[in-house]
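Below: one structure, written as structure tokens.
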Amino acid sequence: MAGEGDQDHAHDGEASVPPRPCPVCGKPAVFAARPFCSNRCADVDLHRWLRGAYALPAADDDEPPLEADAKDRGE
Ligand SMILES: [Zn+2]
């Protein structure tokens, strides 16, 4: 009487996650080089990151305080 139709539900264990696209070239990523599609793309991204880190402006005080000066001379 009981125990029928219960095995139809035991198919949920394996959830295959679809591979994300490589952020560098857009190809589907592989497990070995996540989140990239290959070690080469991982290298490209690393170099980009390093370049970006070095290209960041070191000084933030490049703008002269014009407003403060104008306010002082206005009186
Ligand atoms: Zn790639």
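Even glycines carry a Cβ here, placed using N, Cα and C.
TrEMBL labels come from automatic prediction, so no person has curated them.
What TrEMBL records for Cys22, Cys25, Cys37, Cys41 is Zn(2+) binding site. With a cut-off of 8 Å between CB atoms and residues at least 6 apart in sequence, the same chain places Cys22, Val24, Cys25, Lys27, Pro28, Ala29, Val30 near Cys37 (Zn(2+) binding site), listed in sequence order. Following the DSSP three-state reduction, the secondary structure of Cys37 (Zn(2+) binding site) is coil.
The annotation compositional bias 'Basic and acidic residues' is assigned in TrEMBL to 1-14.
The region 'Disordered' annotation in TrEMBL covers 1-21 (among others).
The region 'Disordered' annotation in TrEMBL covers 56-75 (among others).
Neighbour density for Cys41 (Zn(2+) binding site): within 10 A of its CB lie 20 other CB atoms from the protein chains shown. Cβ-based neighbour count (10 Å, all protein chains) for Cys22 (Zn(2+) binding site) stands at 21. Taking the centre of the Cβ atoms of Cys22, Cys25, Cys37, Cys41 as the Zn(2+) site, the nearby residues of that chain (Cβ within 8 Å, site residues left out) are Pro21, Pro23, Val24, Gly26, Lys27, Ala29, Phe36, Ser38, Arg40.
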